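Scroll down for the structure; my scribbles are underneath it.
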Amino acid sequence: MKAGFVNIFGKPNAGKSTLLNALLGEKLAIVSPKVQTTRHRIKGFVTEPGKYQIIFSDTPGIIEPRYKLQEKMMQSVKSALEDADVALLLVDTTEGVEENNNLFTSLKLKVPAIVVLNKVDKIGEKRITAAENFYSQQPYCKKLVKISALKNDNIQELINAILEFLPEGEPFYPEDDMTDLPTKFFVGEMVREKIFELFGDEIPYHTAVMVNEFKEKETLVKIQADIIVQRESQKGILLGEGGKMIKQIGTLARQDIEKFLQQKVFLQLFVKVRPKWRDNEMHLKEYGY
Ligand SMILES: Nc1nc2c(ncn2[C@@H]2O[C@H](COP(=O)(O)OP(=O)(O)OP(=O)(O)O)[C@@H](O)[C@H]2O)c(=O)[nH]1
């Protein structure tokens, strides 16, 4: 039996969340075409009873710490570096190699790294081969795998490659578990995902979602969540004319949550203004960052 920890690194938009979803076969990490959607480390387990348990962590995109929230993200990137058996260095292969190479080199990895060329469905064989030749020559690259996280291509090959580096050991988590995060967390993320989908660039970055109530009743699950914004004007935008927008967020999020929980859901959303929550340590803690 093999068991161990694998962390997924990559620039924002490299496809970390998509890969995690492909590995787990379920919608655990939220996926959005906008950058920096992943704020938390999401752990997902892939278990083959009697053979292996791989514990994957998604890390926030690697970015400059421009304000406290981003600083926290970089801290979690670094702490993730230190506690894994294997690192996956995820590459958006449609991009040039230089920036990724600088980034991967600067990580000064002590754990073995597998370079994962992602999005190979988007480019031709020539460019894939060029990237392959380049990365496989780098000192941090112990192995290279080409995948399409979106199309689920070569995911088993990636798991096999990971197993080459994974230590022998007993499972850390029960074999049926898929994640160590509470259901409440995913519910909050699904609401946040809808805000990403419905609004332009500005609003989502000023938003946090806090699930206050999660009650399983006989016929349905009752959920109450607050959407936290920084300014009254943002509240106005989220509510929309006559509450039109918040209603839409609620409807779309509820549909996803019902699919996820396989149960009927009553979802109640409130928008609350908390000035400067992003820079305020106490609030960051309160909201789980
Ligand atoms: N064509 C193609 N698109 C992909 C692939 N993997 C991810 N994408 C797309 O790339 C975008 C970013 O994917 P995410 O999984 O959200 O990226 P991420 O690295 O988690 O991003 P952050 O959360 O911002 O760090 C999404 O629009 C995905 O659909 C792939 O293999 N092929």
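From the backbone N, Cα and C atoms, a Cβ is placed for every residue, glycine too.
Quick caveat, the model's predicted, so the values are computed rather than measured.
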From the ranges 58-61, 150-153, 166-169, 174-177, pick the one that TrEMBL records as region 'G3'.
58-61
Among ranges 118-121, 234-237, 254-257, whichever one TrEMBL labels region 'G4':
118-121
Do you know which of 10-17, 274-281 TrEMBL annotates as region 'G1'?
10-17
If you count other C-beta atoms within 10 angstroms, which of the binding-site residues GLY10, ASN13, LYS16, VAL120 is the most crowded?
LYS16
Structural state of GLY10 (GTP binding site), classified by DSSP into three states:
strand
